[in-house]
Each structure stands twice: as C-alpha cells, then as structure tokens.
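Visitor: I'd like to ask some things about the structure below.
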Amino acid sequence: MSFRQLAFKNVMRNKRTYAAYFLSSAFSVAVFFLYAMFIFHPGVTEGVTKEMAKKGMTAAEYIIYVFSFFFVLYSVSAFLKSRKREFGIFIMHGMSKRQLNTMIFLENMIIGFSAIITGILVGMLLGKLYLMVGSYVIGMEKPLSFLVPWEALALTIAAFTVLFLVISFFTSVFVRTNKLLDLFQSTSKPKPEPKTSIILSLLAAGLLIGGYYLAWTANMYNIGYRFFIVILMTIVGTYFFYTQLSAFLLKMFKKNKRFYWNHTRLITISDLAYRMKDNARMFFMVTIVSTVAFCAIGTLSAMGGSKKLFDERAQIPVVYQSSDQNPNEKAQVQVIRDDFNKNDLSYNEIKVTLIEQTGKETNKKVKLISLSDYNAMAIAAREKPLKLKENEGHYVSTVTYNTFLDEKMKPITLSESNLTFNATKIIDAPYFSSGMIGYDLYVIPNELYKQIKNPTSTTHYYGFATKDWVETKDIGLSLYNGEAGIYTRDYTSDPAFYFSSAGYDYNMMMEMYRTALFVALLVGCVFFIAAGSFLYFRLYTDLDYDKRQYQMIAKVGLTKSELNKIITPQLVLLFFVPILVAFVHSVFAFKALQGLFEFSVVKETAVVLLGFGAVQVVYFLFIRFRYLKHIKKAIM
C-alpha cells in the first residue's frame, strides 16, 4: 500500500470526525468564490453603490481568508492531538517521523483539495442566484448574467491551495512523538481535578458586569472611548468565565451534597466539570465568533430599518441653502421646482434669510433668524409658531440630542452690532439641516433682527414641504452630481450652496446598508457554521472515550432513560452555553447601538437572535440523535 492510499484510507476511516471541518472549509471556499465572482464580473462597472459593494466584498474576502487560516490551523492541531494513539501504532510498526509527517501532509492536502473542489462546485451552483440577489441589492436595472470569471476561479484555487499547503507544512510542529507509551496512553490517562482560582473567577464576573454596564449606559457622546474598553473587558471576561468561573460554579454545586448526590446528577455534573475545563478555549472561540456574527448581521439589519432617522425631516424633506454671493441661486432653485413638477409632486416653498454675527463671549460665529421667518418654516412643518419676549432668544437644536446643550443657555452679545439677547430656551427644529447651517442657530425677535447692520454673511435658506418625502429621491439630482453644468462641488473650498433631499439620502443609505448586509450575511454564516464545527469536532473526538465510560457505567445497571438524562443536559450546556453567552454579549452591544442612534433595535435584535437560535436548536437535535445512537450502540 502506497502512502497516498494509506492517507486516503485514513481520511475515509475518520470521515465522521472530519465531516464538520470539511463542510466548514468547503463553505468558506464557496463564499470566497461567490464574492470573487461578483468582484471580477464585467457587468459590475461604475457607480457609488457598485463600488462600495466591490470594496465590501474585497474586505470580506480578506476576513474569510484570515479566519479560514486560523480555523483550519486550530482544527488540524486538534485533530492531530486526538490521534496520538493511532500515531503510536504506526510508529510501533516501524514508521519514521518523516514518514508520519508525509502521511499527515497528504491527509491534509486530500481534505484541502476536496474542500476547494466542493466549494467551487457549490459556488457555481449558487452563482446565478447570488448574482441575481446582488444585482437587486445594489440597485441594478438588469440582473447580472451568470458568468464565471477566470480571475475568480484562479484566485480561489490559488489562495486556498496556498492556505492548505502552508498549514500542512506546519503540522510537523503539532506532532511530537515523545515516548511511545505516552502516545498510547494519551486517551486513557485519568483527567486531573479541574483547578480554579477564586480571584480569577471574581475577575471574570467583574469584567463582564463592568463591560455590560458601560455598554448599557453608552450614548453618542461617550461610546467612542468606551468602545474598545468594553470589547477588551468582554473578551478577557469571557475567557476567564470559561477557564475559571464556570468550573468554580460547578465546584460550588458539588459541595451541595443534597443537590449533587441525586441519582444521575452525580455523573452529569462531575463529567460536565471536566468537559467545561477541557473545552474552555473552544467555548471561548465559539462565543467570540458567534458574537461577531450576531452583532454584524443584527447591526446592519437594524440600520436597514432605520427609516425613523429620516422621519424628523418628513415635513420639509427638500432644503436648499445658498450664499447671497452665489450667482446661480435662481437657476438652481428653479431646477428643484422643475423636478417637483416633473415628478407630479405638490409642494409648498418657503424662503427664509439667515445672517451671521460673532458671539463676543465665545468669539464663535452664530447664525440668526427672525421670528417671522422661523414661524413661516415651523407652520410649513406643521409645528406650533413661536412667541418671544423683547430681547429674548431661543437656541434652535437641529438634532434631537440635547444632552450637552445647556451651555447655549446664556446671554449672547453680538460683537459687530453690540446687541445683547438672552437665550432662555432650547427648541427642537430638525427641519433645519445641521449639515447646512451648523449648530449655533438662534431665533430672535423681528425688532432685534432689524437692528443688525452689516452681517458678516447672509444666507438664503429654502424649504420645500411635501406630503410623501420618500418620493423626493429624484428631486435635485442635477444639483447632487453636477449635471447640466450647474454646479461642480469643490471640496477644497466652501461651496456656494448646499442641497439635501431626505428621499435621496434615505434611498442611498438603504442601498448602502442593503449592500453591507448582503456582504456581512455570508461572512456571519461562515463564522456561525465554523462555531458549530468546533462543537461537533470536540464532541466526536471524545466519542471513543465516552463510549468506554458509559460501557463501564452500563455494567452497574445504567438504563437507556437514565443515559438520556445524563447526556441530554450535558449536550444542552455544551451547545447552548457559548451561544447563550454570545446572545447576552450581543444584547448589550445592541443596547449601545440604540443609545448611539436613538432608535429602537428591539425588533431587529429579536429577529436575528431568534433566527440563529432556531438554527442552533435544529443542529443540536440532529447531533444529539446521532450521538445517542453511537453511545447506545456501544453499550448494548
């Protein structure tokens, strides 16, 4: 028998153990290939969304490739450690270290090439559907034709061939023959009692609770510096949760004799303590990988449904601002009017004037609007008109976040006019675009406004009110892209005008979020399937040991129903503790997201977590059925 035949027979004999690893690798190859098909498709040419989709998928290619490298590296090293007894038999029959490494190299390459071929075939089968969905997501009028670019095929084969070659060469590091007796006893040595540290256990609890608190209380103002702190606390806390705190809690349960010495519970908890300790690093990786998948998909799902962010602009969805020095103002405003008429949209046009002065106290520019102009805009937005006392002013908040606006409530002296008014109240007026007028806008009485002479600048602000703001996506497109020679944006200087359409902005945002979700969804699935592969692998590598253990227990009268009572709780905890911890991590991450954007993500969070949970339940039931079948067959 040649080495190739021996390696092939070894792979086929261990196909049950290799199954999840092979399928996960093949799925990673398939997703990588699908992304490459899209990136190199000749039909994906110019356009903001198309370019973003290509860049997003290119980034996803790197993420999948790097993740696949570490996933395969971990899996191969774990496989080799579980086969020490088998390697001992080969060495006992005269196999040298070099021959052993050659055999392992061939086994890895057989699995690797099989995964590459399978992944590419699956990618080709799903390619047409993927290109159709991708075309819809990025807003193409016609779906992309099915085409397999040679660049995509070459890149996928080359990238993953290199990956499996490099890891196969690394395998010699993981194979240490040492003493022959050690190889034979690697799966039969009694496991030592799991050791725990109360200090590290308390540290785990403290880090997780602290991280959760910081995430729960985060808002748009503090999330920037809390972000990396929370991530670090959560990662370290999760690691010590599995390596220390979980074993410590199980040890506490053991001390409760009434609870512990209760029929089959003795076996369940005792065995679970060893499993939790043995699989701590694997649980840690599953939790972190699952959390990343949940958060990525959940965040993009929530953002995709964030229409509420634009509802505050619904009353006056189209706004135009021009400097009084802009010679094209009349022509540009006429373009907007013509676009409304072309799209059969009725509208109400309001024009107000903003002037600029310098605040003496802060030496910063402030914009001022007269009470009559402000009320004209408020009435058009179906808001109550404002009333002001003499020398009273109100600060106009152009956004809904008022947490740090108290400093605006003070007397304001205008340097150029030497006039003073008292800012007594903050009012919300999101129909004034903060991107256009900035954040320091005050409404003052008409009489005071008229006294201001020689303003440092004058701005004309137009608002176009209409009933259906979503339909304004085609209004003023020529002002956005510079068509008809009206305007070409110059980013090196202040432009003469600004234009904004809520419908256009919302449409662009939705296209970008759909594209990002489309890209992230498959990456999230790769992570989630890999997490399931870790669980499957750990369970089946311990299967022979479990068979021997339950065979011995069966000799003293263990029944099938008692076997179910022992195994099912263990499998439930092994399968669902990492996912449950990932769920909890994700809930707090989503709460931080909600604090950042100030809109509810409860619905999207629930849908994402329940979807992943349902898949995990189905996976658990399948593995439980297979696992019990093997154990029962061994003890009968």
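Even glycines carry a Cβ here, placed using N, Cα and C.
According to TrEMBL, the feature transmembrane segment maps to 21-42, 62-80, 100-133, 153-175, 196-215, 227-250, 282-303, 516-537, 571-593, 605-623. Residues or ranges marked as domain 'ABC3 transporter permease C-terminal' in TrEMBL: 63-177.
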Visitor: Please indicate, using numbers and ranges, the residues of the same chain that are 6 or more beyond the transmembrane segment (196-215) and have a C-beta under 8 Å from a C-beta there.
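Guide: Long-range Cβ neighbours of the transmembrane segment (196-215): 226, 229-230, 233-234, 236-241, 243-245, 247-248, 251, 584, 588-589, 591-592.
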Visitor: Give the mean pLDDT for the domain 'ABC3 transporter permease C-terminal' (63-177) on the 0 to 100 scale.
Guide: 81
Visitor: Based on DSSP, tally up the residues of the domain 'ABC3 transporter permease C-terminal' (63-177) by helix, strand and coil.
Guide: 95 helix, 0 strand, 20 coil
